[in-house]
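Copied over from TrEMBL:
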- H578, H582, C680, H684: Zn(2+) binding site (BINDING)
- 16-723: domain 'Alanyl-transfer RNA synthetases family profile' (DOMAIN)
Amino acid sequence: MRTYCSDVEERNVNKYGVNELRKMFLDFFESKGHLVMKSFSLVPHNDNSLLLINSGMAPLKPYFTGQEIPPRKRVTTCQKCIRTGDIENIGKTDRHGTFFEMLGNFSFGDYFKHEAIAWCWEFLTEVVGLEADRLYPSVYLDDDEAFDIWNKEIGIPAERIFRFGKEDNFWEHGSGPCGPCSEVYYDRGEKYGCGKPGCTVGCECDRYIEVWNNVFTQFDNDGHGNYTDLSQKNIDTGMGLERLAAVVQDVESIFDVDTIQALRNRVCELAGKTYKEKHEWDVSIRIVTDHIRSATFMISDGIMPSNEGRGYVLRRIIRRAARHGRLLGIEGDFLANLSSTVIEGSKDGYPELEEKKDFIFNVLTQEESKFNKTIDQGLNILAEMEENMEKEGRTQLSGEDAFRLYDTYGFPLDLTMEILEEKNLTIDEEGFQAAMKEQKEKARKARKVTNYMGADVTVYESIDPAITSEFVGYDKLSWESGVTAMTTEEAVVDALTDGESGTIIVAQTPFYGTMGGQCGDTGVIRCGDGEFVVQDTIHLAGGKIGHIGRMTSGMIKLGDKVELSVNPAGRADTCKNHSATHLLQKALRTVLGSHVEQAGSYVDAHRLRFDFSHFSAMTPEELAKVEQIVNDEINAHLPVRTSVMTLEDAKKTGAMALFGEKYGDSVRVVQMGDFSTELCGGTHVANTGDIAVFKILSESGVAAGVRRIEALTGPGVFAYYKELEDRLSEAAKIVKATPANLAEKLTHLMAEVKQLSSENESLKSKAARESLGNVMDQVKEIKGVKLLAAKADGADMNGLRDLGDQLKEKLGEGVVVLASEKDGKVNLVAMATDSAMAQGAHAGNLIKGIAALVGGGGGGRPNMAQAGGKNPAGIPQAIAEVEKVLEGQLK
Ligand code: ATP
Ligand code: MG
């Protein structure tokens, strides 16, 4: 146990610099068995819940939830963070930045409170040398365990440990893992205090500032406020590096620590202002200082200014910085200049800043000059709007006006808001959002042509037409080249980052772009930790080849030297299919005749399709012959040779050219032994033997005089047979047979089914007959005509008709009416013999007269009629009614 010293002494700490403190922290936790990991990108990876990384814990979430296994159970990081939620605080408090670095130590189911608290204390007091008597821990109200550790193990008197409620000291995010926190506050002395009575730890002023937060993730919240103990308890801590530096260096604010001070001084220098001369200026100086840090780091992680998401956060920050620079009297573009000071101060911890320097400056300057062009005009317009408001006695700017400033002059909403707030005016935010929505709708409707990515075709049209790409992939599957252009789905950009979809264009590529019926390659483009998965490759206007896909990690920017790798299996299978179409064409001409011309083709890694001129459906024999020829040529292992020559020379080789196709002066000729010679720009196998096997799946007509063959090669054929085999086994299993005796078994089964169903028919009519009982007893005579009206159970309409015929026969002459109930529905049949009809009986009208009673309708001829109904309960009444109706019919 350490003894607690209660005397407040003169401060006597070493003035460690920011870069030194970062290293001390990481070294300290490394000595406690932690793995030091590099800061993750500000762009969250696979996490849509967050726009930007805002804590050390955020990028480690998958390790906490157990989705991913951490490289070690103890990890320590210094993580770059952006907190846009703190933007209003910047310049006003001493302790907030939108950008800051968070030091953290993490335990994934390893150590817990005892170690976390002890190491936190050891680092602050022994490593850094802060005086114990200026430090105050806080714990969560109910967390006696943490209280006791501070009190009994560390030796802090009970009255110096603060207990706070859920709001401050319980970390929770909806349902899931959560737990109490323990924070450490540092008392910077009375001069920083608000002087209000009761100002103590927890006061919002800048005297007691929170430096470190230790989160003990120990519960699981089921979403209804029921907490159960987690089996794996975690530690997640966070300490602002700049705040630590501010207390260690004993300076007023984070803007006075060594690295940031250098930047702040640079701002003052550019503005010709002195810090601490005028409060208003100080706020602007701090805002510029903070925002340029945020912007520099965001751009280095590949975020580009835009009107949406992260890009909009960056745009707001850059434009806010630009405006406050103007308020300070800085003229012209100045952000790139300041950014170089940021990079100077932070490249120690973040070497990528130095590497991407030119890119960062470029993005900053472009965005700044774009804004500078309109800012004065915008400010004038806003001043006019304010005048109008004053005249009309309004204090709220309309949504449309705010939107006009946004749309035409590039004023982010919060910038307009901030300017108005200074004069106690507000904005109709809802109206702004509505105007924004309306404009988006309009833009969507106005959008004319879209490509399959849903983007304007004009995205590609805005690329510099001087840019072209060369295909180098006939015999190479990977290649290094420089990025010459990139786009998102909407715009030409300078970089793509994690999660973004878009198109990359390079000077030389091994990726084959969709052409001549052959599908484009897939694969991956890499640069450092940047990875772009290529889902398709296409030819763009002006000789450019576009790699379409998605960034799956990191960033790639304009000018980067990238490694392009084609998916080798996909390419190999595509080559097999393409070469097979050449063999197929020749085989078709051999079997069907020289009128066969290619009318179209499609090949990808999975299948091939070949359309050709021919005027009748192919016979099975012709198909078998064609398939055999192709397989023979595969087995002949013909070498495949390609050469580039003039069109004249090509024609001399007898090469088959596409009818109506325009060729350039030099053409590529693909020869497969002496069997096939074609003009073709596609990729092929080196030897026909590589195709392995060829199988036709179908032959069909697609247009007048045009037939289509679909076929498979190599692994596609095996997959096809495998699937057939699986289906066959499954079918055999169902009828308890083997694939070998399946046909025999099915023949037996079919015969059995036939016999059973005929047996079933006769059983059904027998059953219906029996249900009538001794039916002839029920025969009545109406005006001398015999009538049999009865209910037969369970018979369907067919059964009922059969039964009716039988009874009519038995009856000799007369009328038969039968009703049955089946599956909740009613069937009615009426029949009259010739002599009954002669006396006036009419089966059709009889049915009509009674059908309503069973909820139905129907009718028919005089001798035979039928009807259906929905109400079985009405059957007895209907049968009773027959007598009356018949009586009315008879003469
Ligand atoms: P505060 O109440 O001062 O805003 P917080 O409760 O938001 O702090 P946490 O979310 O616990 O802070 O973050 C952990 C640590 O990160 C804090 O103890 C502090 O040292 C640091 N920190 C948080 N926000 C900022 C910021 N905007 N600028 C600099 N450091 C920060
Ligand atoms: Mg906060």
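The backbone N, Cα and C atoms fix where each Cβ goes, and this holds for glycine too.
In the three-state DSSP scheme, H582 (Zn(2+) binding site) is classed as helix. Using the Cβ center of H578, H582, C680, H684 for Zn(2+), the list of other same-chain residues with Cβ within 8 Å runs, in sequence order, C575, S579, T581, V640, V670, E678, G682, T683. When other Cβ atoms within 10 Å of the Cβ of C680 (Zn(2+) binding site) are tallied across all protein chains shown, the result is 23. Residues belonging to the domain 'Alanyl-transfer RNA synthetases family profile' (16-723) score a mean pLDDT of 90 in the model.
All protein chains considered, the CB of H578 (Zn(2+) binding site) has 26 other CB atoms within 10 Å.
Residue with the densest Cβ environment among the binding-site residues H582, H684: H582, by other Cβ atoms within 10 Å. In the three-state DSSP assignment, the secondary structure recorded for C680 (Zn(2+) binding site) is coil.
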